[in-house]
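Trainee: The transmembrane segment annotation in TrEMBL covers 24-50, 62-88, 100-121, 142-164, 197-222, 243-264, 276-295. Taken from TrEMBL, the feature domain 'G-protein coupled receptors family 1 profile' applies to 42-293.
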Amino acid sequence: WEFNGSFYQPSAFLMMGIPGLEALHHWISIPFCALYLIALLGNCMILFIIKKTPSLHEPMYYFLSMLAVTDLGLVLCTLPTTLGIFWFNMRRIGFDACLTQMYIIHLLSFIESSVLLAMAFDRFIAISHPLRHSSILTKTTVIKIGLAIILRGMVSLLPIPFLLKRLTYCGKTELSHSFCFHPDIMNLACADIKVNVFYGMIILLSTVGMDFIFIVLSYILIIKTVISLATKEECLKALNTCVSHICAVLVFFIPMIGLSMIHRFGKNVPPLVNTLVAYTYLIIPPALNPIIYSIKSSHIREALLRALRRK
């Protein structure tokens, strides 16, 4: 512990694996390793295929590349601490290292949310204004959107580590997960955390919350456009281009909303449920997104088959 008058700050936190199943951590690590491996190989494959296939150099696949890079970042950020606990019982993480990991995890989550919104906008333009799609979403515009997404996340989350560093901590130093999460750290403080709660809620609602609302609005407009199409075949063809994106949105937002609700209102929720939802939120989307897009996108699938034939 570091002491400065009445101000206490732990030098480290203790991370938690899966509560009640500590004796089985080595066996539990096997499915986790499989998911991490799928996420790493799958997202690297997506990036490789898009880079090597000129026909995929379009806004939809540029945004998919951003999604793959974000998923890789989430995997690489949580993998060392999660497997460190399962394999070596390395539970200790320094205070500043924990704040750094927390900032990166939240930043990448916010970026993923914004990229999913950009992909919804791309689908709306492609279906509602197909002739103007390439002129609206040029390569320069896509780059600007990407930079704006990163800047928004970095600026909005920048105060969070400093708000946590100003708090006095006492008693428990044990986190609920094998990674650092803002509400989890905040709840260990014995000081007034109203500012942290208020700021965290405002940022969550104004970024991820607004992204989700605009995604829903985009699909309402897409459905209105699709209904106006002449034939049933055209309707199905237009909607089929959105299936993979809808799956990615559901896979990301459902666990994220669940975890946020548990941390803020679920004091009586069993620790095991909290832990499983957290792992679902951070590991399942990076592993499933490459599979979803490989199965549903004929262009990705064909490019992958061509690459395998060449080898």
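Numbers run from 1 along the shown chain.
Glycine residues also receive a Cβ, built from the backbone N, Cα and C atoms like all the rest.
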Trainee: Any chance you could find the range in 24-50, 62-88, 100-121, 197-222, 276-295 with the most Cβ pairs under 8 Å to the transmembrane segment (243-264)?
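Mentor: It is 276-295 that shares the most Cβ pairs under 8 Å with the transmembrane segment (243-264).
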Trainee: Examine the transmembrane segment (24-50) against the transmembrane segment (197-222) and state whether at least 3 Cβ pairs sit under 8 A, considering only residue pairs 6 or more apart.
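Mentor: Contact criterion not met.
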Trainee: Residues sitting near the transmembrane segment (62-88): Cβ under 8 Å, six or more positions beyond its termini, same chain?
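Mentor: Apart from its flanks, the transmembrane segment (62-88) reaches 15-17, 25-26, 28-29, 32-33, 36, 39-40, 43-44, 46-47, 50, 101, 104-105, 108-109, 111-112, 115-116, 118-119, 122, 139, 142, 146, 149, 178-179, 248, 282-283, 285-286, 289-290, 293.
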Trainee: Checking distant contacts: for the transmembrane segment (100-121), what same-chain residues at least six beyond its ends satisfy Cβ-Cβ under 8 A?
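Mentor: The answer is 60, 63-64, 66-67, 70-71, 73-74, 77-78, 81, 93, 145, 149-150, 152-154, 156-157, 160-161, 164, 179-182, 185, 207-208, 211-212, 214-215, 218-219, 245, 248-249, 252-253, 256, 282, 285.
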Trainee: Using a Cβ cut-off under 8 Å, which residues of the same chain at least 6 positions beyond either end of the transmembrane segment (142-164) come close to it?
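Mentor: Contacts with the transmembrane segment (142-164): 59, 62-63, 66, 99-100, 102-103, 106-107, 110-111, 114-115, 118, 182, 185-186, 189, 195-196, 199-200, 203, 206-207.
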Trainee: Considering every residue in the domain 'G-protein coupled receptors family 1 profile' (42-293), what is the mean pLDDT value?
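Mentor: Residues in the domain 'G-protein coupled receptors family 1 profile' (42-293) carry a mean pLDDT of 90 in this prediction.
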